[in-house]
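Peer 1: First the structure, then my questions, so here it is.
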Amino acid sequence: MEGWSLCSLMFLLLALVTLNVVHGQGTRVGFYARTCPRAESIVRSTVQSHVRSDRSLAAGLLRMHFHDCFVQGCDGSVLIAGAGTERTAFANLGLRGYEVIDDAKTQLEAACPGVVSCADILALAARDSVFLSGGLSWQVPTGRRDGRISQASDVSNLPAPFDSVDVQKQKFTAKGLNTQDLVTLVGGHTIGTTACQFFRNRLYNFTANGADSTINPLFLPQLRTLCPENGGDSNRVALDTGSENRFDTSFFANLRNGRGILQSDQALWNDPSTKSFVQGYLASKASFFNVEFAKSMVKMSNIELKTGTDGEIRKICSAFN
């Protein structure tokens, strides 16, 4: 596993110079500077240790933060265990990395009891996961508090793998995110995998003539081998063919070449309102996408925050106090 390379450090400096950090109400960069000065370094070292052992956890943590923010805001509600909670919803069954958050929380409670929220741990872990996968680091405003509600029924407003571009835009707009944020954040699919059950419909009986015509016909046999018509629901397939562990722009190249995996992903190339942003990232240096991704992540991580006296600071991330 690569460490904190010179190239990545240069990207970090680029971000600090060019990234206009968005602060949410009640959050700020360095929130724990006095109350728990080692907070970010503890999270970083914990994520680094786990990702070195299993590179796929980076994508898991990034996705978990996204799923957390789109339901009840970025409040760690997706971390709560138990019957009927968000993590039991169908859309969240494939989330991974809970043990990383629990590990970081245990260390933080030993160092600074009752200070650092689970929501902030998850936001920091997502940032560190991108960096460890070759992407850019950025400053994460902290100061979120943990929510006291976690219901599987609330997960229905998550963007889904079958959503059209119009539906995706509606869901993002409802969270204060625009079309560029949509394309940029979906670009996070440059790392990670998905299960066959989320896109098999595209491979066989999508239309009367068979497969989804937007799939590159030379790519279709490979997908059908990975995902047979019957069975194999949980088989994993890279969302960014050929680069599933590297944070780069090849995901967008795959969309251009008809090699997007999810229907909702490939649709970004086929809809004029989103295609222009995909083309823009393909025509620019990777550093441009990295900076824009950081901006959109900061924006997303400030959705519907609980700060001040709202919510709580959990002692254990998987359970309310």
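Keep in mind that glycine also has a Cβ here, set from the backbone N, Cα and C atoms.
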Peer 1: Among Cys7, Cys36, Cys196, Cys227, which cysteine does TrEMBL link to Cys112 through a disulfide?
Peer 2: Cys36
Peer 1: Within the same chain, and leaving aside Asp68, Val71, Gly73, Asp75, Ser77, Glu86, name every residue whose CB is within 8 angstroms of the centroid of the CB atoms belonging to the recorded Ca(2+) 1 site, in sequence order.
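Peer 2: Not counting the recorded site residues, we get His67, Cys69, Phe70, Gln72, Cys74, Gly76, Val78, Gly147, Ser150, Asp154.
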Peer 1: Roughly how many Å lie between the Cα atoms of Cys196 (disulfide bond) and Pro159 (substrate binding site), rounded to a whole value?
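Peer 2: With the alpha carbons as reference points, the distance is 17 Å.
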Peer 1: In Å, rounded, how far does the Cα of Cys36 (disulfide bond) sit from the Cα of Asp75 (Ca(2+) 1 binding site)?
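Peer 2: Rounded to a whole number, the Cα-Cα distance is 19 Å.
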Peer 1: Just the number: how many Å between the Cα atoms of His189 (heme b binding site) and Cys69 (disulfide bond)?
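Peer 2: Checking the Cα atoms of His189 (heme b binding site) and Cys69 (disulfide bond) gives a distance of 17 Å.
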